[in-house]
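Here the structure comes first, spelled out in structure tokens, and everything after it is commentary.
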Amino acid sequence: MSATPTPTRDLLMFVVFAAAVLTMPMWLAPIGAGYPDLLQKFAIYGLFATGFNLLFGLTGYLSFGHAAFLGVGSYTAVWTFKLLGMNPIPAAIMAIAASGIFAVAIGFVSLRRSGIYFSILTLAFAQMSYNLAYSVLTPITNGETGLRVLRSDPRLFDAAGQGDGPLVSTLFGIEMSGYPGFYFCAVLLIIGFFIAQRIFRSPFGTMLRAVKSNQNRMNYTGLNPRPYTLAAFVISGMYAGLAGALLCITDPLAGAERMQWTASGEVVLMTILGGMGTLLGPILGAGLIKYFENIFSAFNEQTLHRIFGFLPDFLETPVVAITSLFVGEGWQLTLGVLFMLIVIFLPGGIMEGFSRIGRMFRRSSGAKGSHQTAPAE
Amino acid sequence: MDVFLLQLLNGLDKGGAYALIALGLTLIFGTLGVVNFAHGALFMLGAFCAVSFNKLITLQKIIIDPTKTTAWGTPLEVRTPYAEAMFGDFGQWLVNYSVPVSIVLAIPVMLIIGFVMERGLIKHFYNRPHADQILVTFGLAIVLQEVIKTLFGANPIPQSAPDAVRGAADIGAMLGFQAGAIVYPWWRMVYLLFSAAIIAGVFAFLQFTTFGMVVRAGMADRETVGLLGINIERRFTIVFAIAAVVAGLAGVMYTPILPPDYHIGMEFLVLSFVVVVVGGMGSLPGAVAAGFLLGILQSFASMNEVKDVLPGIDQIIIYLVAVVILLVRPRGLMGRRGVMEN
Amino acid sequence: MEILKVQGVNKAFGGLRALNDVNLSVEEGTVHAIIGPNGAGKSTLLNCFVGRLIPDTGSVMFGNTSLIGLKAHEINQAGVSRVFQTPEIFGDLTLLENIMIPTMARRDGEFALKAWGRVDQDAEIRDRSMHMLEDVGLASKKDMIAGSLSRGDKRRLELAMCLVQDPKLLLLDEPTAGMSRADTNNTIDLLKRIGERGITKIVIEHDMHVVFSLANKISVLAQGTVIAEGTPQEIKGDPRVQEAYLGGAHL
């Protein structure tokens, strides 16, 4: 990245992004991803990864405990449903507030250290939350069963409303399942993207990149890095909390496994797969991973035989046998391999790959000073 | 007093496992400067060496005995493990002692795995940022885990300790306490002694051999050792392989205590990292001490008397200790200045 | 009027006494050089001015503020900027961003949550920063990544990052270390030009050519103690200095 894009280009990017998100049901249908459940997941995890990227991509602080905020968001949302009613908006607001407060507490402690120590501190806090949610906090979290909305809950504002049928949140009479559920999440993703874009281009965003680049110089420039990193941590925790709440709007169930550290690892993966520090990358990464999860894990040997049917038999059988390791139950293997390949060959993620291809086409224009970090002299 | 002793013993064997993994992590970190998130997977691979060995020797030959019938009236199937059919009593002994004997299998296997991992992957990450090292080894851990899941399924596979040490010892009675006050499974005792022996072995190796001296010098000041013209890279490979063996053996011997499944490694890894941080990044004695210390603390925290006062403390004690240590003594119990601080 | 007053500063590292009852007084508007052989305690002293080290005893007064116990960023906000021996810049940001950050730090303080407006639309900051880049002759490279600059350019950039803050006191730690003669002369010219702005400067330097072309006053440090102080002329003639610093050779 050399010069920052002009406001016009940013606006264009935003409009194209918004249009792309809202038309996803159409253009993703040909690759088998055009159904609302999956699209909703794209939007939710895109939001999660966008928030994570505000911390990791800009400041370079690698949190291994972000799933804790996802969990807090989910629990808060379900409690809001239980107490206030099934409207998703108060649930989202409460989830953002709760995860924000939680992030202030964790961030205040964790950010006193940096580097791998920070990663391990955040991991420790997330594991602590996870373990507590399973044990002592059972009255709040309902332990292993998970927290769900019951018909006997008070639901202050709409208790009289619903008789029977499954419990889903409703926004002004529209049930948040199927396409309405997706569009609700999509709109929030677009808003989240817009905010992230503003932060990226703002003085605050520049300061966050300064934290990543050289904290020593920052100190000697009269800036205090800690409130900057804390603010980034809290904002990204709020994004995670919102994502957690959205996970509950169609299926109002919150479980502790959402806080497990594998879930934290997943968002790291999404971010680096797409390209940390870029605006679109994490959303792309989140989409790809959720796509793999949903589509690839549904593959079985029959589908593979159909795909490789054109091969002669003596080739088809081994090819199917090998590829079947990577699909269906084995999709996580694919994920792990992909993870390694990306870190090894393309540390900048897919966005970096795009810009490399772009540069190949624009060789003649003499690209100056691409990616160089401060040399250690 | 007897309760105290019991909890101490209970903590020690788990502490032994933490210490062994943390020791390897620290060795790798101290010499190679690499943060290895796949170290738990090595523990898991070790455990599955024991599982495969057991599977191998208990492969069964099925003979249908037409003269006898089962209670359901079908012909009786007589199943004999090949090992028994071929080696007779020795075969039986082998099945019985499959866990400790599989060490013989685990050592070369872990050496090879360690060697391949270091040469094939880790060495390319010496000079990459720590975040990259974490991420690539994390990816590797997922891959190893999934491979094992494909091969062995997702369910835990229980392994049994040899008959001779299967029961529990009434240590209380031996020491003159009330009978039944301190009952401690024999195998856990074996594990404790085993881990102590391995730790002693590693320390002796580092202390008394020339190779160990170079490794220790490398941990203290990598650049200088490199400048002395010592081929540090070859030694790195060996250190990594040793750490892999240590983690693997820890895994082999732990199988009778906890039936291994494919994600056992991850659970241990997270805790071992905390152990390393508490002990002080880059300090071997720190890793061992913190391993045992946290094992014991965890065991005490799970006493009912403690849980009544502080509910849930057993679940979080290790993390809580880590948080406090990192904030009060940022370098850990025995950490040195300047390790991973930029 | 004196801008910086150091009184009775001691600092020991274990058994080593790095600074031994150092007294120093820097007049406003002057260029004050601190010279001395290797290990004399020059960098330690400088680190005591910027919050990196805390003296064991003694006081460091900047105007009416005591600098002791203040954090690095607080000291900078009080008006002290520092150039490092190896340039400390934001290596993966552009030159323009490198300058804008200190400019914003001066205007908005140690922390400001300005997460909405665009940084490149802030005309005041942008103009000031561009002006500064032009001043040091780096304007044409404004969109380059700072890490890819040559060493001399990095140093100029770092200097610009300090100057744009209009510091009351500028600390220069060997500003020409490792530079060619031509680069050194360029730097001297640049520093002289800054001199016209009336910024007080403390320079730590090995190169006598630089010291004598810039300094109004020189303090000589040896083994943690100030052994001589005076104008360049006085120092040149001082036998103690020649003894301690130059081993008796004539300048």
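Note: Cβ is positioned from N, Cα and C throughout, glycine not excepted.
Here TrEMBL flags A:12-35, A:42-69, A:89-109, A:116-137, A:181-200, A:227-247, A:267-292, A:304-327, A:333-354 as transmembrane segment.
The transmembrane segment (A:89-109) shares more Cβ pairs under 8 Å with A:227-247 than with any other stretch in the list A:12-35, A:116-137, A:227-247.
A contact between the transmembrane segment (A:42-69) and the transmembrane segment (A:333-354) is absent, since fewer than 3 of their C-beta pairs, 6 or more residues apart, lie under 8 Å.
Of the ranges A:12-35, A:116-137, A:227-247, A:333-354, the one with the most Cβ pairs under 8 Å to the transmembrane segment (A:267-292) is A:333-354. Residues 40, 43-45, 47-48, 50-55, 58-59, 61, 63, 66-67, 69-77, 88, 91-92, 94-96, 98-100, 102-104, 106-108, 110-111, 184-185, 188, 192, 199, 204, 207-208, 211, 254, 258, 267 of the same chain lie 6 or more positions beyond the ends of the transmembrane segment (A:227-247) yet place their CB under 8 Å from a CB of it. Looking at A:116-137, A:181-200, A:333-354, the range that has the most CB pairs within less than 8 A of the transmembrane segment (A:12-35) turns out to be A:181-200. Note on the transmembrane segment (A:116-137): residues 61-68, 71-72, 75, 106, 109-110, 143-144, 256, 259-261, 264 of its chain, located 6 or more positions outside it, place their CB under 8 angstroms from a CB of the stretch.
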